[in-house]
Each structure stands twice: as structure tokens, then as C-alpha cells.
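Reading through the C-alpha cells given below for one structure.
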Amino acid sequence: MSSSSPTVNQRDHYKDLLPGCDPKALDNRFPLYLGDWEKSDPRKDDDIAMDNMDEPHMKRKLAILKRHPEIESLYGHDSRTSLITIAAAASQIYFAYLFGKVWTDTFWGFVAFSYLVGGSITALYGVLIHEATHNHAAPTVFLNKLVGLTANIGIPVPIYASFRRYHLEHHTYQGVTGMDPDMPLEWEKKMIRGNAALKFLWLLIYPVMYVVRGAAMKKIPSTWEIYNIIFTICSDALVVRFCGLRGLLYLFTSLWFGYGLHPGAAHFIQEHYTFDDGQETYSYYGILNKPYMNIGLHMEHHDFTKVAWSRLPQVRAIAPEFYDSMAYHTSWLLVHWKFITEPAYGPQSRLGRTVEDHKAGRKAAGKLRRADEHAYDEMAVDVQKQKDE
């Protein structure tokens, strides 16, 4: 029942460069914070794998900063993101006008362009919305929200505000069952499993799954989600007015392709689907990070959410022992191919944890936030006292 992982790592090369202190009485995952759990296999497992520790990135961040404090100098936004957002939104609306008012007789050209160009731009919108969510596009929270709404102009459904709300929860409660909105639903795990045809169809409807998973959280829409709905209704009406219904259809088709089975959408699978035992977050180091603004550097992003897209490569360059030692992907096409064709991967190829275990790990890590030279020793002593009692 073995399957080959598409990931690679350079752990042996960097093992002597990793921190030598050993606070195992505190957290035996130090320093890379890899778990000792085995990945879920849809051929024999009905559910996701489970861990009894908190999510690893806060502790990874502190361990990395202790060795490389200069990473904090990379914090901050990149105003170029706002300009890219305006250009991307204007481009997509222009193409909607062309297909709605000028190129009205072509069908296969419409489909091909919607996938190759429209889908690629829409996948980029996801990156721009992600940057605005983390306040990386502008100097204030309000301006970042305006950037997010601008990126939503080329997406005919209100995505930005809901993504912001649920994505920030994902960072706080990564893998916590019932609290991380990025986790698969029960029907996804039971119905699809490792079946290649069903996984292919599942990826085709992935844009719908974002809506369904958010609705499953059963939360009342926030004020900004209501603003987003009104804003999108108005922008869609303007598209119909100036580009026609076919122009709006172009935007919907681009959304379907760009968030579905598209190379630019492979990061949805790359980021947290468990291709290896013990590792729940993965980066992608490949050529498509260039047009997609380093969205593949997901391990770096989770470790340092205050670093904008343009400076994420510097995080890896400063601390290669913490990143090249982890399993990572080199091809988004291979991510999709392996995920679809290998029966060992499916929607339940994720890691979960209970909220109790997550909170216990966070409580123990409280002193680590000081990141002083004695923090590990102090925490290890506390844990040992608890064991003695």
C-alpha cells in the first residue's frame, strides 16, 4: 500500500546546522516541530489523522527568531500589491467587455481564454485577497479592506470579506476540528476518499467548496461581509450594463477555472494536505511563484504572517536550515497529478487536533513568547515539576 510522495527535502544536509538545545520535556517536536503521527490513507482510514499537540507555527517562529532575529526587519506591507490589484481588476473587466461586446461569436475561444488567461488572473486575485487579508497591501487596515474589495471586482461573487474572516481563523486554529474552516467536511471524506474520478470532479467544484465550508460554520455575516455582498451586486450590475451578460459569464467561467483544476489553484492542495508523515504544512519552490507572488511559500507565511509576499524568499534565505529541512513541493502540476491519481491521498489527507489539546499546547508556550535565552529551560523545569507532582 506504499505510495511515493511528490515532496523533497534536504534534511540530512542541514541537520548539523539546526539548534542544539533540547527542550524535549516541553515539546518533543523541537526544532522543526514535525509530529510523530502518520498521515491518513483513504484506502484504510475513514477520517483525518489526529495529533495531540498545538499547531506548530508559533513555536517554530520563536525557535527561528532565537537563531535569526533579523527576520523581524522584514515585517511590513508592500504597496506594490495595491497597484497590481488595480491592474489585475482592470484587465479582467476589459476582457469581460471584449467577450461581452466584441468577440461575441466565438465559443471555444471563449472557453480557452477563460481558462488560460481569465483563470490565471482569477487565481492571482486569490493571492491579492490573501495579501490584503494579512494587511500586506497598504499601511492601514481600512485601506487593505478597500484593496480586497477591488480584487473582488473581477470575481462575480462576494469572496473577500468572508475569506478574511475565515482565513484568519484558520491561522489561529490550524487543524482544530470544528474551528478551522479549511478542514474537509464529513461528506467529502466519506464520499470521495481515494477515488481518482471523484477527486478530479471534487477539484472541479472546489470554488463551491469554499462557500459550502464557510456556510457550514453557521455564523451570522459580519458587517464587512454585508458590505462585500452589496459591493459585488453593484459591480456585477455594472458589468452587465457595460459588458453584457456574456461578459459576466466570462467572469464566472474564469472563477470556476481559476479556483478549480488550474495550476494556479494547486496551492490549495499543496499547503496542508499531508503528503508525508509528521508534517502538516508545505511550501512550493517552483517557477510559478513568480507570477503568483510567492503564494507557494506557505511554510514561511505561516511562520511569519507579518512578512509580505515580496520578502518571503528572504525568510528562507536567512534560515535555510528551518525550511530546506522540511518536505516541500517543486511542481504544482505534480501536486495535482499525484493527489488525483494516487489512491493514498484524498480529502481526509489532513491533520486535525482537538481544541483542548491545542489550548494546552498554547498555555504551555506562554513563556516562550518572551523568547529570552532561558525560556526553554524554564518551561522544561515547569513541565518536570508537573510530572513529579
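Backbone N, Cα and C define each Cβ position, glycine as well.
Here is what TrEMBL says about this protein:
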REGION    1-20  region 'Disordered'
DOMAIN    43-81  domain 'Sphingolipid delta4-desaturase N-terminal'
TRANSMEM  106-129  transmembrane segment
TRANSMEM  141-161  transmembrane segment
TRANSMEM  192-212  transmembrane segment
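Regional average pLDDT for the domain 'Sphingolipid delta4-desaturase N-terminal' (43-81) in the model is 95. Sequence-distant contacts of the transmembrane segment (106-129) (same chain, at least 6 residues past either end, Cβ-Cβ under 8 Å): 81, 84-85, 88, 91-92, 95, 99, 137, 147-148, 151-152, 154-155, 159-160, 163-164, 250-251, 253-255, 257-259, 262, 264-265, 291-293, 295, 309. Mapped onto DSSP classes, the domain 'Sphingolipid delta4-desaturase N-terminal' (43-81) shows 19 helix, 3 strand, 17 coil.
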